[in-house]
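A single structure is presented below for examination.
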Amino acid sequence: MTGQVRVAVIGASGRMGRALLEACDNHDGIVLGAAIERAGSTLVGVDAGEMAGIGHLGLALVDNLDAVADKFDVLIDFTSPEGTLANLEWCARQGKAIVIGTTGFNHAQKEQVVAFAEETPVVMAPNMSVGVNLMWKLLELAAKVMGDYTDIEIIEGHHRHKKDAPSGTALKMGEVIAQALGRDLEKVAVYGREGITGERDRETIGFATIRAGDLVGEHTAMFADIGERLEITHKASSRMTFANGAMRAAKWLAEQKPGLYDMQQVLGLN
């Protein structure tokens, strides 16, 4: 595809949606083609830029994809698992690419994403920050060097409104570490501890979750030995880091064939 990539943002009035609208406005090679809200929203008809606090864009919010089907090439979706699957099905029918930043999918829902990706290009990533994706590469190296003789813990914190726990990013951290060590995360993950738990099993990977205030996103992996520990941490101070990553993914995805891709591929880290 040549020229600008036309992007649609769904869930435009949410915290992430507003950041995505701002990122669209700031990125060369990206043009905002549509901004979509839930059906019946009182914001329908309002200028998307004025709603997001970035100035008049001359683009009114709508409440269904069919109304703007000819206005965009790539849909960006950070909504909910159920909503995202419905939007993905629509994109597959229409031949539209989709960038998915939604988290909280169960196993069956992930299988549906895989199936739809046979029909249309999909980037799906629990975190689109460049720093987080680099962190996953560092975790793979740390696990290979230290994982067999250290206790591994993952601690994550987000704002009080986040609905799923642990975060998709934390789970991906666990998957990267477990895969590097030849372990099955479903068998070795320990989610929180309470009461008399007994001595720690060296094979386990622990998860701890914080939900407080307006934390944007903080993730730490700890490799703890007797006498020393290594901590690898990423802290996001603004949702714009995720929104900017989504713009990068959208531009890359517009050139791809149908298939399921991740941010490692977008960034050339594979």
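From the backbone N, Cα and C atoms, a Cβ is placed for every residue, glycine too.
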Which of these, GLU37, GLU153, GLU156, does Swiss-Prot say binds NAD(+) at the same site as GLY11, ALA12, SER13, GLY14, ARG15, MET16, GLY101, THR102, THR103, ALA125, PRO126, ASN127, MET128?
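Candidate in the recorded NAD(+) site: GLU37.
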Of the recorded positions GLY11, SER13, ARG38, ALA125, HIS158, which sits closest to THR169 ((S)-2,3,4,5-tetrahydrodipicolinate binding site) by Cα distance?
ALA125
For THR169 ((S)-2,3,4,5-tetrahydrodipicolinate binding site), which DSSP three-state class applies?
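DSSP assigns THR169 ((S)-2,3,4,5-tetrahydrodipicolinate binding site) to helix.
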Any idea what the Cα distance is from THR102 (NAD(+) binding site) over to HIS159 ((S)-2,3,4,5-tetrahydrodipicolinate binding site), rounded to a whole Å?
16
When you average the Cβ positions of HIS159, GLY168, THR169 for the (S)-2,3,4,5-tetrahydrodipicolinate site, which other residues in that chain have a Cβ within 8 Å of that mean position?
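These residues sit around the (S)-2,3,4,5-tetrahydrodipicolinate site: THR103, PRO126, ASN127, GLU156, HIS158, LYS162, ASP164, SER167, ALA170, GLY217, HIS219.
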